[in-house]
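Student: First the structure, which I've put down as structure tokens, then a few questions once you've had a look.
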Amino acid sequence: MQGQQTSTLALAVFSAVLGSLQYGYSLGVINAPQKVIEQHYGRSLGVLPEEPLLLSENGTGTEKQEVHPSVVMYWSLSVSIFSIGGVVSSFLVGFIGDLRGRVKGMLMVNVLAVVAGLLMVMAKMWKPHVMVIAGRCVMGFYCGLSSGLVPMYIGEIAPMAYRGALGTLHQLAIVTGILLSQVLGLEFLLGNDYYWPLLLGLSGAPAVLQSLLLPLCPESPRYLYIKRGMVEEVRSSLYRQQLFVALMMHLSQQLSGINAIFYYSTAIFERAGVTQPVYATIGVGVINTAFTMVSVALVDRAGRRTLTLIGLGGMCICAVAMTVGLVYLSVYSWMSYVSMLAIFLFVCFFEIGPGPIPWFIVAELFSQGPRPAAIALAGCTNWTSNFIIGMTFPYIEALCGSYVFTLFAVLLFGFTVFTYLRVPETKGKTFEEIAAVFKKGRKQTPGTKKTGTETGTGTSTELEQLKSDSHA
């Protein structure tokens, strides 16, 4: 019986994180074939000749060519429309999750992913810029929903002892998807003039597999709990504090500068003399994935708060090192290696805590009643800040120059202090214990020093309480 429960849990988690894999793939897939796609945009718009762009071994043009303003506009829209779709749809996570359940909700939104994939895979059949932008918009709408539904479902079916590790699998699937898109985007694979529509269209492939597996997965017992009308009353004054912590943790993820690091990495690798910076960027993706695995192993041992503090503090130091490396790059050539090392360490610290933990800690901070709404608000904050950073960073970089990472260092220091002062440890605690921490300023109430996980008896998880009900 125990083995059957374990296999059912494994199937459910694997099926759910296919949506996260799809999200990560969609995030990273648009970068590698940029020059090729811009060439197709230009030909479709009539501003470039019909001859295809010749690419060198590292996937860049053999000659420096001026990109037409209309091509730049449509390309920028192709990238940013993804985040806009996510911002809009993230508001609907709670509604979709409660409408028909978590499993059926994920099944319903898969229609969007398949439609988006078909639009992009058929990009050459009509106007590429219109097809890609439409596909990216629909895919962003899907990912905004998926990025909320997946952590919600996993957090609600995970046993308390493995809640952190299973919750971190959402982020592991995201970075795996990013790495997969980077590898498939190499010119000799799919990132070329002939196969780029297939490269983009594959972003909808995991939805097909997930649609086949989800009907075999159990519904969240907590959703069934809602359907029976036994949701506890919402304590608004208490949840206001928890919501503030949840939103700040999502802001710390996006305002940490991680996207700016990826933006800068190729240029820094080029300055360091790396002949094919695309492979160095893939190396960053490998480290990204490897240290997310480290977080999976540590999060239920070291705790959420500890790993977040280590991650944010380490990233702050790396941002300072990055600034020093950039400022003195023209004076000392070896400073480029300082910058490279800072990039790799920055990514390592990000994936230890600030990357994966905000996604699942929201489900731990809230009971069943306000949980879907809280996840929706946190997701919207994440997507909105992601969009703002993506749109404003080039201007901030132009204004601040080599000192651009000083801004992120200051933000990271502030987030580190906030985490130390306001974020409680949720490892091994039930919602009632977490609520008591907020109520008494992180001082545990009598009788909650040891949880069911630590003693083998005592307080059972919310899920175990629901199991006593035959309908759940």
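Placed from the backbone N, Cα and C atoms, the Cβ positions cover glycine too.
The annotation domain 'Major facilitator superfamily (MFS) profile' is assigned in TrEMBL to 12-427. The annotation transmembrane segment is assigned in TrEMBL to 72-95, 107-126, 132-154, 166-188, 194-217, 243-266, 278-299, 306-331, 337-362, 374-396, 402-421. Under the heading region 'Disordered', TrEMBL lists 443-472. Sequence annotations record features per position, and here TrEMBL assigns compositional bias 'Low complexity' to 444-461.
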Student: Restricting to the domain 'Major facilitator superfamily (MFS) profile' (12-427), report the mean pLDDT as a whole number.
Tutor: 86
Student: Sequence-remote contacts (6 or more beyond its ends) of the transmembrane segment (337-362), Cβ cut-off under 8 Å?
Tutor: 147, 151, 154-155, 163-164, 167-168, 170-172, 175, 246, 249-250, 252-253, 256-258, 261, 264-265, 268-269, 271-272, 280, 284, 287-288, 291-292, 294-296, 298-299, 304, 307-315, 318-319, 321-322, 324-326, 329, 371, 374-375, 378, 382, 415, 426
Student: Report, as numbers and ranges, every residue of the chain located at least six residues beyond the transmembrane segment (132-154) whose Cβ falls under 8 Å of a Cβ in that stretch; write 'none' if there are none.
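Tutor: Non-local partners: 12-13, 16-17, 19-20, 22-23, 26-27, 30, 37, 74, 77-79, 81-90, 92-94, 96-97, 102-103, 105-106, 109-110, 112-113, 115-120, 123, 166-167, 169-170, 200-201, 203-204, 207, 220, 359-360, 362-363, 371-372, 375-376, 379, 382-383.
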Student: Select the range from 72-95, 306-331, 374-396 that forms the most Cβ-Cβ pairs under 8 Å with the transmembrane segment (402-421).
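Tutor: Result: 306-331.
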Student: Would you confirm whether the transmembrane segment (107-126) and the transmembrane segment (194-217) meet the contact rule of 3 or more C-beta pairs below 8 angstroms, pairs 6 or more apart in sequence?
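Tutor: Result for the transmembrane segment (107-126) with the transmembrane segment (194-217) is yes.
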Student: When you check the transmembrane segment (72-95) against the transmembrane segment (374-396), do you get at least 3 Cβ pairs under 8 Å, counting only pairs 6 or more apart in sequence?
Tutor: yes
Student: Three or more CB pairs closer than 8 Å, sequence separation of 6 or more: does that hold for the transmembrane segment (374-396) against the transmembrane segment (194-217)?
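Tutor: No, these stretches are not in contact.
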Student: Taking contact to mean 3 or more CB pairs closer than 8 A (sequence separation of 6 or more), are the transmembrane segment (278-299) and the transmembrane segment (194-217) in contact?
Tutor: no
